[in-house]
């Protein structure tokens, strides 16, 4: 755990003040370098197709693997954070990201690109991004909602700057030299990690709290040893391995939370389904615009417009959602943002004119701001902070599955039909259905909770009335002396 690594060398209770704001600044840059980076891949889509003679489906596997690993490496990141701390995880991620992109500049086939840029860079971005999100939860308490929203503006900055830089470098140097430069830029994640100093919270002591997690397995082992079983007995060793495996899954993938916490269960399923369509416009918007006659520079500008608007809308969304009126109701804002995001895709179906696509980008950006600013805040609302890292691991590994298969399946459909409109049909279907599922499910869950509380209150009132009725009966038969009554009341 992050707090535990700092024993004897961190500061106590630095939340919401001092160095916490430097950590927030590092988190902004970090999210721009990691989450913002995959948005520029669409700029290279056509060049990579021509270079490797690949189809839409084959080329779309490259960004899909990158984004899927970025989200799906959560359990590995959780293990690193608990074992070595957030600073180490962020810096290791920076090294892997840079190495992956430098290696990508020497690739001779699209399949090699899957390994270098997809797997290695994606995994490095995952470590840096998720450890950076986790550290904010410890540095901020009072201003946590605002901190998450401000940190997510880094994604907006990435969305604005990466496509413009990509198009410029692509025109000047080609995609191989551009990937080489990107490797150097991503190494700056290590600088961000160095800023994230470890802290120790006075009210928590991780080394002591780790002991109870090991007790079930050790108690089972001791029980079998007391019955005369040898510690080297094959069945005992197999049982011990199973117990430890179960403990690891529970610790790093939070299956117990998924089974017991209905809010976390609904939210995870809804976001996982949403991700089937959420990434499609980011991958295919630039190729769609170029396919319909828009110049390459203008097409790359579309992604930058989305990012630029996000810079201003995300902090406002964070401030709005942090108001006490929305306490416990942020999930409905999140569902509304998803619904708007899904409906906005129909604009691209109507027309592919550049002016119409700009309108689409404006509306999509507003909706994306709500999704981006609230995704992790809602997760913090439904899960306790001491289990957030584990809950984030399961949450991201499930959504990574749909992130991986969504763009290639849609690309295959485009290859078969030669119609880019299916990109936006698919995206709208998944986003709208996920928004309705989450909104209605949480509404039903809230009503059920209120009914349960009302029923419990009625039972409590009835039991109190019954108690007072029976307790006054003996007093009617024999009144105790006033002095005894007075002494017992004290």
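Indices start at 1 and increase along the chain as displayed.
Placement of Cβ uses the backbone N, Cα and C atoms for every residue, glycine included.
According to TrEMBL, the compositional bias 'Basic and acidic residues' annotation covers 211-222.
According to TrEMBL, the feature compositional bias 'Polar residues' maps to 464-476.
Among the features that TrEMBL reports, domain 'Major facilitator superfamily (MFS) profile' is placed at 20-451.
Summarising the annotation, TrEMBL assigns region 'Disordered' to 205-235 (among others).
TrEMBL lists 464-483 (among others) with the feature region 'Disordered'.
The annotation transmembrane segment is assigned in TrEMBL to 21-45 (among others). Counting only same-chain residues 6+ beyond the ends of the transmembrane segment (21-45), those with a CB under 8 A from a CB of the stretch are 59-60, 62-63, 66-67, 70, 90, 93, 97, 125-126, 128-129, 132-133, 135-136, 139-140, 147, 150-159, 161-163, 165-167, 170, 175, 178, 182, 185-186, 188-189, 191-193, 195-197, 282-287, 300, 303, 307.
Tertiary neighbourhood of the transmembrane segment (61-81): same-chain residues 1-2, 34-35, 38, 41-42, 48, 88-89, 92-93, 110, 113-114, 117-119, 121-123, 125-127, 129-131, 134, 252-253, 275, 279, 283, 389-390, 392-397, 399-401, 403-408, selected by CB-CB distance under 8 Å and a gap of 6+ residues from either end. Among the features that TrEMBL reports, transmembrane segment is placed at 61-81 (among others).
Non-local neighbours of the transmembrane segment (88-106) in the same chain are 30, 33-34, 77, 80-81, 113, 116-117, 119-132, 135, 176-177, 179-180, 182-184, 186-194, 196; each lies 6+ residues outside the stretch with a CB under 8 Å from one of its CB atoms. TrEMBL lists 88-106 (among others) with the feature transmembrane segment.
Residues or ranges marked as transmembrane segment by TrEMBL: 112-139 (among others). Within the chain carrying the transmembrane segment (112-139), a Cβ under 8 angstroms from the stretch's Cβ atoms is held by residues 2-3, 14-16, 19-20, 23-24, 26-27, 30-31, 33-35, 37, 48, 52, 61-74, 76-78, 80-81, 86, 89-90, 92-101, 103-104, 147-148, 151, 179, 186, 189, 192-193, 196, 199, 201, 376, 380, 385, 388-389, 392, 396, all 6 or more beyond its ends.
Taken from TrEMBL, the feature transmembrane segment applies to 146-165 (among others).
Summarising the annotation, TrEMBL assigns transmembrane segment to 177-196 (among others).
According to TrEMBL, the transmembrane segment annotation covers 266-287 (among others).
Per TrEMBL, the feature transmembrane segment maps to 299-319 (among others).
As annotated by TrEMBL, transmembrane segment applies to 331-351 (among others).
The transmembrane segment annotation in TrEMBL covers 357-379 (among others). Same-chain residues lying 6+ beyond the ends of the transmembrane segment (357-379) with a Cβ under 8 Å from its Cβ atoms: 133, 144-145, 148-149, 152, 155-156, 264, 267, 271, 278, 281, 285, 289, 294, 302-303, 305-310, 313-318, 321, 330-331, 333-334, 336-338, 340-341, 344-345, 347-348, 388, 391-392, 395.
Annotation source TrEMBL lists transmembrane segment at 391-410 (among others).
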(message) Using a Cβ cut-off under 8 Å, which residues of the same chain at least 6 positions beyond either end of the transmembrane segment (331-351) come close to it?
(response) 263, 267, 274, 277-278, 281, 285, 288, 317, 320-321, 357, 359-360, 363-364, 366-371, 374-375, 378, 381-382, 421, 424-425, 427-432, 434-436, 438-439, 442-443
(request) Quick one: find which recorded stretch in 146-165, 177-196, 266-287, 299-319, 422-445 has the most Cβ pairs under 8 Å with the transmembrane segment (391-410). (result) 266-287
(request) Mind pulling out the one from 146-165, 177-196, 299-319, 422-445 with the most Cβ pairs under 8 angstroms to the transmembrane segment (266-287)? (result) 422-445
(message) Let me spell it out: take the transmembrane segment (146-165), skip the flanking residues so only those 6+ beyond its ends count, and list any with a Cβ under 8 Å from a Cβ in it.
(response) 24, 27-33, 35-37, 39-40, 42-43, 132-133, 136, 139-140, 286, 300-301, 303-304, 306-311, 314-315, 317-319, 321-322, 369, 372-373, 376-377, 380
